[in-house]
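Copied over from TrEMBL:
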- GLU84, ASP195: divalent metal cation 1 binding site (BINDING)
- HIS120, HIS145: divalent metal cation 2 binding site (BINDING)
Amino acid sequence: MEAYGDDLDAVLERALKQGVTGVITIGIDEPSSRRAIELARRYPMVRATIGVHPHDAASLNNQMLSRLKDLALAHRDVIVGYGEIGLDYVKLYSEPKLQRRWFRAQLELASELELPVIIHDREAHEDTLRLLREGGPLKQGGIMHCFSGNLDLAQQVMDLGLLISIPGVVTFKKAPETQEVAAQIPLDSLLVETDGPFLAPMPWRGKRNEPCYALYTAGKIAELRGISIDEVARHTTRNCQRVLNFPPANNAS
C-alpha cells in the first residue's frame, strides 16, 4: 500500500463507502511483508500476506525464509496467505532457474505453515502449473492472482484447487480471453481483485487503482454473466472467506 502514502485513510474510507469490507495488502519481499503486517495491525479492515515475488527471487536465501516463517508464526492473527509468489518470464529481474528454485521452496513453506498461496504467473504458465502439480495437493488452497490466461488454462488452475482472481483488465475492450473466463468459470471459483495501484478498470484506466474501483470490475463481470452485481459480490466474498478466512462472515455483503 505504499503507493497510497498519506492518502491511505481516505482510500480505505472510499472503499468502505462502496461496500468493500476487507482489504488485503500483499508482501512481495521481506520489508514489504513486515509493512503489510504493520498495516494490518493498524487498520481493522486490512489483512496481510507475506512472501517474495519472483522479481526478487535472486535476493532470497534460507535465512530470509526462516525469518518469514518466524513472521508468520508470530503474526498469524493478521496473516491470511503466503504470497505473492510464482514465476515471471516477462521481466527477468531474477533468472528463471532461481525463480523456480525459490517458488518451490516457498510453496513448501506455505504448506508447512498451512497458509493458502497467492500465485503470480506471467508468461510462465507451463512451468507454474508443473511446479504446482509437483508440490502435491494444495491443502489450504490458494488464488491465481491477476489471471491472464484463457479458459483452458483457467480449468487447469481450478483443477489444482485454486481460485481465479479477475483484475480490472476485464473491463478493457481488448481483453476477450479475460472476459470469456470471467463469464464462464463457476461462480464458486471466482474472485475480483484490485491489484492496486495498477490495472485500474474503466473508466479509470491509467489512473492509480484503489479498492473502491473493484465495484467496476465486479459490475463488468455481472454484465458478462447476465446476473446482478450483488450476486457477484456475494459469491466472491464467500469465496474469499472460504480460502483466506477474511473478511469476517458477519461483514459479508
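In case you wondered, yes, glycine gets a Cβ from its N, Cα and C as well.
Counting other CB atoms no more than 10 Å from each candidate's CB, the binding-site residues GLU84, ASP195 peak at GLU84. GLU84 (divalent metal cation 1 binding site) and HIS145 (divalent metal cation 2 binding site) have their C-alpha atoms 8 Å apart, to the nearest angstrom. Cβ-based neighbour count (10 Å, all protein chains) for HIS120 (divalent metal cation 2 binding site) stands at 23.
For ASP195 (divalent metal cation 1 binding site) paired with HIS120 (divalent metal cation 2 binding site), the C-alpha to C-alpha distance reads 11 Å.
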